[in-house]
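*Asks:* Got a structure for you, questions after.
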Amino acid sequence: MDVFTIRDRWIHKFNIPDAAGARLFWAAFVILLVTQFSQGTMFILDYPSESFPYHLFMVAGVIAAIKVLAFNDFKDWKELLLAITIGLLILAGCQLSNDWNFIYYYLVVLASQKVKFEKIVRVFLIVVTLGILITIIAASFGVIMELTNSRTGDPRVRYALGMVYPTDLAARAFYLQLFYVVYRKFKLSLPELIIGAAFTFIIYAFTDTRLDVILMTLTLIIAVVYEKTINLIKIIGNKYLSLIGVVSILGIIVLTYLYRASNPLFKILNKLLSGRMEFGHQAFVKYNVTFFGQFVLQNGNGGIHHGAFDYFFIDCSFLRILMMNGFIAFVLILVALYYLSRKFMQGKCYSLEIALLLIVASSLIDQHLIEISFNILFVALFANLSYFKEDTEIQPRKKFSHKTFS
């Protein structure tokens, strides 16, 4: 008799319902989501202490771990040992880099086993929408600080509306719109398209952020030509889609490594990327790539600064993971992306595959790939994706209710 059989017998003996496992997942997910969201707002100045959010992260992590150990199904000891080994590798990178997002995200991903992904998306949409509205209202009434800035030589003012930086607001808008469209499986009505276009325009007017506005526009265009997009990705296939993704990821890293300020082509590319190549190259100059990660001292534009400071920040998610979390974590991310793509294509979850492609494109430039308050797609690794299968009849959109958490 193995430990899993003993565990299941005890659960049966005490008549613990399967719903208890789902409730543990929701508790961990919402705590992590809300806490990480708040870290990207000026509410950070009102924390009781600097360690406050990290205590909440630990609570979420413990709850997720309990759910995994008490309710997850494992084929055998080898599968459990693999999950623990991957977790320890990720934990090593988090400890060395002093960036804990990855390990807590990983625990929530494991805890999501059998939970319906459409419910996860709905909760994400509710929490993030409420979070954005509360933050904007708080900033408007002076409850929290409202930050503005402008690009060098550009008179236009960019607004953060309570977030720590205007580009963070734009990124939140992109992910919010993307996952709404994903929830609708890219089948939008005309009013939804008009509202989406207006939302995109408003975000551009306030933040003057090119990347996220381009991706938001592309999301709406894909919704209009969705059937043709599906046919195209079917023709390309999972193998070549994955190859294109890997080449793009490695390509941006190699170009960043080879960057030379004196090269005219690199100058143009660096300008298009708002200086990201220059600072990414500095990461290679200042630090070596390690197996298990390292602490990388960074000073971004977000938040409050007192006096002059030397700006240095790694924006590209993939380069950020490589330099901070290490080569092992970088490989794990690539494997996870490949597995997601294969799962989506084999399961005919084409709306999720399109979302994955857009998120990879965003992550080539922005840093939010493994931040769960932006990107929840990794949770689909073990969640139930039956709602998103294209060969099933589309169910009428359900109203949000307390049953979302059951």
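From the backbone N, Cα and C atoms, a Cβ is placed for every residue, glycine too.
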*Asks:* Choose the correct range: of 24-45, 266-287, which one does TrEMBL annotate as transmembrane segment? Give that range.
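*Replies:* It is 24-45 that TrEMBL annotates as transmembrane segment.
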*Asks:* Taking the transmembrane segment (213-233) as reference, which of 24-45, 52-70, 240-259, 318-340, 349-366 has the most Cβ pairs under 8 angstroms?
*Replies:* 349-366
*Asks:* Is the transmembrane segment (318-340) packed against any residues at least 6 beyond its ends, judged by a Cβ distance under 8 Å, and which are they?
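*Replies:* Result: 86, 89-90, 92-94, 96-97, 99, 102, 242, 245-246, 249, 252-253, 256, 280, 283-284, 287, 289-296, 352, 356, 360, 363-364, 367, 369-370, 377-378, 380-381.
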*Asks:* Counting only residues 6 or more past its boundaries, what in the same chain has a CB within less than 8 Å of a CB in the transmembrane segment (372-388)?
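*Replies:* Those are 29, 32-33, 36-37, 40, 101, 104-105, 108-110, 112-118, 120-121, 124, 128, 131, 171-172, 175, 179, 182, 185, 336, 339-340, 343-344, 347, 349, 351-352, 355-356, 359, 395, in sequence order.
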